[in-house]
Amino acid sequence: MANLNTVAHLLMIIAGIIMYVLGSIGNILNICVFIKWSRPRTTAGNGHHNANQTNNSPLYLLASSIANLMVIIYPLLTRIIYDGFNHLISPNQVILLCQIRYFILHTSDLMSLTCFCMATFDRYLITSRNVHLRHMSTTRQLTKIIILLIFILISLHSIPVAIYYQVSSAGQCFISSSSYQYYYLYILLLLFHGILPIIFLSIFGSLTYKNLKTLQGQTHAHVTHDKQLSRMLFLMSFAIIISSIPYCMEQIYEVMYTDSNSQQSSLVYLLHIISLILFYTNPVSNFYIYFISTPNFRHELKKLFHYNKHTHHFVHNQIHTTIT
């Protein structure tokens, strides 16, 4: 089944490079938008809140986008090199291509998923008709502390990944501790990267969608923006759930059926590549889901590019005037 291996390598190269470019651009633009949206709300002269600055969700989405960019810049790039070009790792590359890579991958991906779950939970609180639930939404200062604590805890949790990853005689990264390998597979991969986010986003995504339906008749500017932001998170939650299920199934299959013959192994390898591509669609696709689903997000991008164009035009005219 050499043809299947060739298809798998080509698929990883082509899809991986496209995802790398689109994901890098998308998350950089996400960061620019969420930096503006995460600023404190201001009050306009008419007494209404500025609809482009709402609550804590943009803070969580900003942290999630930064983490997604980290996943794309290094782990996705090295994955293209591994599976696309069939690169074999030498022992002197173990720190850079195994230990640091998997530390960044799991720290950043868990950071992204956790912050996205927190943003979804915050949207559920904000859109609830229950006053007590709405008051549970934290202050901006506390939200920043929560994000920092999430990063510290996940980083500490990922330290064993950097310790136990080594290079095999076949030039592949592997976990040297058999006991930690079970924890890595069942707890870190299946539970933290798969089952828990799927359950959490399924529950609170559905509850948020239910809350949104109760806001159908409200047309105030800040309510409209909150509805768009909540809908954007709901659609992204659905995308995360859909892309995570094949990855979890592939990991379970890998453990249960280790005695595959060569023909099955080629097919399993192709399915492994497909599940990896789906796994990396999470950090890549968020910008495009936000852009398609949310008019306010598109409007903010237009303002961003218009501002940059206006600034460039102003500076160019100033330079021209000075030279003249």
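Each residue, glycine too, has its Cβ placed from N, Cα and C.
Some features that TrEMBL has for this protein:
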type	residues	note
TRANSMEM	12-38	transmembrane segment
DOMAIN	26-290	domain 'G-protein coupled receptors family 1 profile'
TRANSMEM	59-82	transmembrane segment
TRANSMEM	102-121	transmembrane segment
TRANSMEM	142-163	transmembrane segment
TRANSMEM	183-209	transmembrane segment
TRANSMEM	229-247	transmembrane segment
TRANSMEM	267-292	transmembrane segment
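Contact between the transmembrane segment (267-292) and the transmembrane segment (183-209) is not supported, since fewer than 3 Cβ pairs fall under 8 Å when only residues 6 or more apart in sequence are counted.
The transmembrane segment (102-121) makes contact with the transmembrane segment (183-209), as judged by at least three Cβ pairs under 8 Å among residues 6 or more apart in sequence.
If you average pLDDT over the domain 'G-protein coupled receptors family 1 profile' (26-290) in this model, you get 83.
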